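Positions annotated as region 'Disordered' by Swiss-Prot: 1-96. Residues annotated as asymmetric dimethylarginine in Swiss-Prot: 10, 19, 44, 49, 55, 65, 69, 78. Summarising the annotation, Swiss-Prot assigns compositional bias 'Basic and acidic residues' to 22-56. Swiss-Prot lists 73-90 with the feature compositional bias 'Gly residues'. Positions annotated as S-adenosyl-L-methionine binding site by Swiss-Prot: 181, 182, 200, 201, 225, 226, 245, 246, 247, 248.
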């Protein structure tokens, strides 16, 4: 007679070492995917993110990791609508008020104060940002959260930059537009009467930028090298402001060349400088000082050097005006 293995090793079902009654997976209804204890069912939007939270520590208020990306043109995708999970609705506890210092920028007062811009393309998320729907006098108004950790310009606004030439109706030349994250917020700020001429050299980022422009009639994507501004002179008119984020060793010279072609007298300039991209052998303070001196040599009057290292390590925003006219 053979050995009965059913009662050896792990033990019988109800015996010592066995699963015990009620522990059979078939009886409990639990699958391999259910081994972890269940989490509370947090809804997206139960808790806003304050200025200081880069990614948050999970619910409440944080996006599920599985929801970060969707199909490119589908709900939640970079180039498509954000879908039902792409934003949160404003309610009685959420108030959106104009920024006290900057035209075209707003602050959402809810579970934490958050920078937002009024969406020029309601229903469309650009980089998975949260969206707030607020009841207006005639219809709902959608605002988009502006994350300072994802945008150098957003960081400058969060840190109360002195001069903000980007405002409703402005024409902006944006150098180093990348995938269009900050471009989309600039588009919101300048509104339908303004324009954003977004220059990007990378073909891959340029494709994403084109997707952003499809939903925004005031964005003019230009796939070109910002070192040669004459190549897009047939597209770009005289502008009110230049914002630059090209992260190149000769960035100050690139800005100066573009200003010579397109920036009006007394026009605004904001340049994001990453110290290690200019000269990794020098301390950041020395790099910033050298770039400011280069700008001054090209008719810029620099008004402020703003350290945004709190949001972007070894970065500074230099703010100035071009060919300032004497009073």
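Glycine too: its Cβ is placed from the backbone N, Cα and C atoms.
Taking Cβ-Cβ distances under 8 Å and a sequence separation of 6 or more, the neighbours of residue 200 (S-adenosyl-L-methionine binding site) in its chain are 176, 177, 178, 206, 209, 221, 222, 223, 224. Within 10 Å of the C-beta of residue 245 (S-adenosyl-L-methionine binding site) there are 21 other C-beta atoms, taking all protein chains into account. Note: residue 181 (S-adenosyl-L-methionine binding site) has non-local neighbours 126, 127, 150, 151, i.e. same-chain residues 6+ apart with C-beta under 8 A of its own C-beta. The secondary structure of residue 200 (S-adenosyl-L-methionine binding site), as reduced to three states from DSSP, is extended strand. The local packing around residue 225 (S-adenosyl-L-methionine binding site), expressed as other Cβ atoms within 10 Å of its Cβ over all shown chains, amounts to 13. Residue 181 (S-adenosyl-L-methionine binding site) falls within a helical segment according to DSSP.
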